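Chemist: The structure follows.
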Amino acid sequence: MELVAGCYEQVLFGFAVHPEPEACGDHEQWTLVADFTHHAHTASLSAVAVNSRFVVTGSKDETIHIYDMKKKIEHGALVHHSGTITCLKFYGNRHLISGAEDGLICIWDAKKWECLKSIKAHKGQVTFLSIHPSGKLALSVGTDKTLRTWNLVEGRSAFIKNIKQNAHIVEWSPRGEQYVVIIQNKIDIYQLDTASISGTITNEKRISSVKFLSESVLAVAGDEEVIRFFDCDSLVCLCEFKAHENRVKDMFSFEIPEHHVIVSASSDGFIKMWKLKQDKKVPPSLLCEINTNARLTCLGVWLDKVADMKESLPPAAEPSPVSKEQSKIGKKEPGDTVHKEEKRSKPNTKKRGLTGDSKKATKESGLISTKKRKMVEMLEKKRKKKKIKTMQ
């Protein structure tokens, strides 16, 4: 397990997490160890996303950088947007979706790292996007005062809803039965079946990050030191606790056996990990913390076990964000992908090709040996028949 965080200082931090198996309860303590610091971009980092293999970062320098966490190397960079990258979301291990200030939403093949489709999503900037747990839908908000629903199977707009103000965050619930739209310090809760607001929660300060801890409990952080847990059904605050000395910039939550963890990053430079209680009315206990001495902007958690990152759908049922026809139409455009290690990538490609050829050759050689064996057997039978005739 590894925490990754970006900052204004253009650096990507990586911290290895070491849980203490013997400790338990409120006295449980985990350890964070600095693993790497990488000068990732030429401007401040604005977004980060993780899957089971890669970490991707977006920046004000308009590029998306890819890092292979297994090999601990930079894998390359994606260049397509002409504005700050505002949001990055993986769906499984096959697709990455990016949004930026240029109003575009791009769907990327996370294997070949090609742009499958580029959609002019908003008249203004794309400020945030969220993918439905099924992978079939996505929501986006922008500076054109619209909330847009996207059909990812067909790669087209499904529904446009005008809202009174510019929203800056949108988030699906774990089961995808509801979603929240954030405008400044206001949280509007929408039901999927009616597409209407079922309730509104007001936070004290402008909201910077929200995370669903369950289908009805929402963690909210903003331009203050406090994190609050709200019940989306009753619209009441279940609990609040002081998490940092400065405003909280981002949060991330995940579950591993016997632990439900929320991670917070703040402008004070600290990253903290908290163990959630079953009763969300009780504040979580601090597992560990580390000071980066940087102004943090975005946060992610890379779980090194594939089992920890399994999607709710099996691979066979996992829907593709773009149809086959559109993937043919949306071929890789020149300049979409810029690999820093082009010379290295070519031999790798050849190596993959050679590996494929060698498997094919092995299969063919197996077929040839079978034919030879049959021919030998036939010749042997003919020879025996001739021998019998000669004896007669």
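Placement of Cβ uses the backbone N, Cα and C atoms for every residue, glycine included.
Residues or ranges marked as repeat 'WD 1' by Swiss-Prot: 33-72. What Swiss-Prot lists as repeat 'WD 2' is 73-113. For 114-155, the entry in Swiss-Prot reads repeat 'WD 3'. Swiss-Prot lists 156-195 with the feature repeat 'WD 4'. Residues or ranges marked as repeat 'WD 5' in Swiss-Prot: 196-235. The repeat 'WD 6' annotation in Swiss-Prot covers 236-275. Residues annotated as region 'Disordered' in Swiss-Prot: 312-392. The phosphoserine annotation in Swiss-Prot covers Ser320, and the record cites a large-scale study or a structure entry as its basis. The compositional bias 'Basic and acidic residues' annotation in Swiss-Prot covers 325-345. Annotation source Swiss-Prot lists compositional bias 'Basic residues' at 381-392.
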Chemist: For the repeat 'WD 1' (33-72), what are the same-chain contacts with Cβ under 8 Å, counting residues 6+ beyond its ends?
Modeler: 2, 4-16, 18, 78-79, 81-90, 92-93, 96, 98, 100, 110, 113, 290, 297-304, 306, 309
Chemist: How do the residues of the repeat 'WD 3' (114-155) split into helix, strand and coil according to DSSP?
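Modeler: Grouping H, G, I as helix and E, B as strand yields 0 helix, 25 strand, 17 coil.
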Chemist: Using DSSP, what's the helix, strand and coil tally for the repeat 'WD 4' (156-195)?
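Modeler: With helix first, then strand, then coil, the repeat 'WD 4' (156-195) has 0 helix, 23 strand, 17 coil.
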